[in-house]
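Undergrad: First the structure, then my questions, so here it is.
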Amino acid sequence: MARLEVDILTLFPRMCAGYLGESILGKAQEAGLLAATITDIRDHATGKHRVCDDAPYGGGAGMVMKPEPLVEAIEAARARLPGAWVVLTSPRGARLDQALARRFAEHGRLILACGRYEGVDERVMTAVDMQVSIGDFVLTGGELAALCVVDAAARLVPGVLGNAASADAESFAGVEGLLEHPQYTRPPEFRGMKVPEVLLSGDHRRIERWRRREALRATRERRPDLFARLSLPESDLRLIEAGDDEL
């Protein structure tokens, strides 16, 4: 049975525990499809106060995470999870996307090291396999990014989602990487806004064409960078401009 094993290394374990225990991720752990461990980096620090940061050499604002506690935490995690990839969450890293999330899910073992303060001592990089970012912005720490990695990868593990087709139909899924089409549920009318007639028609061919058209339109309008990379057949180019009565 495929499953995802992760160990999150953090200075603030409680920030991660609540999220991992709820909803789909909590159920995945109960089912044995996700094994999530949270390690307090301070457990590998020395001294009465278990200090994990210090002033940067050369001066400057803020503090830097010391190498000893984090590297020792990584080494201990590697011993628990042989073959795991060590991923440092950092704005300097490669951008997390659906393809990378799938690689993580398929590999099955991750050690996620969460940075804090002004950054991590560069010597820690000798113990890291890759750095990953969730966007071109800076957070207070790497915990939110680590949770994004776990969530994105775990939902791709077979059995985690109730409907196996859900992950395949979502935004960025598949080879093309289109944004997902709009979704509707009951009631059929809300404050004068009606569900598109085609979705109520029961005509599955029209519904699939409508979803394809809306996914193409959403990608063109909201992510022109993705749309520009697509090699669309003539039928898709016509579909984008088609009205509901032409589906």
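Cβ atoms are placed via backbone N, Cα and C, with glycine included.
Sharing the features that Swiss-Prot gives for it:
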BINDING   Gly115, Ile134, Gly135, Asp136, Phe137, Val138, Leu139  S-adenosyl-L-methionine binding site
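Surface or core, plus neighbours and distances: that's what I need for these features.
TA: Just so you know, the Cβ of Gly135 (S-adenosyl-L-methionine binding site) picks up 11 other Cβ atoms within 10 Å once every protein chain is counted. The DSSP secondary structure for Gly135 (S-adenosyl-L-methionine binding site) is coil.
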Undergrad: To see if you understand the setup: which same-chain residues, six or more apart in sequence, place their Cβ under 8 Å from that of Val138 (S-adenosyl-L-methionine binding site)?
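TA: Those within reach of Val138 (S-adenosyl-L-methionine binding site), by Cβ under 8 Å and sequence separation of 6 or more, are Pro91.
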Undergrad: Under 8 Å between C-beta atoms and at least six apart in sequence, can you list the same-chain neighbours of Ile134 (S-adenosyl-L-methionine binding site), or say none if there are none?
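TA: Counting only residues 6 or more apart in sequence, the Cβ neighbours of Ile134 (S-adenosyl-L-methionine binding site) under 8 Å are Thr89, Arg95, Leu96, Leu144, Ala145, Cys148.
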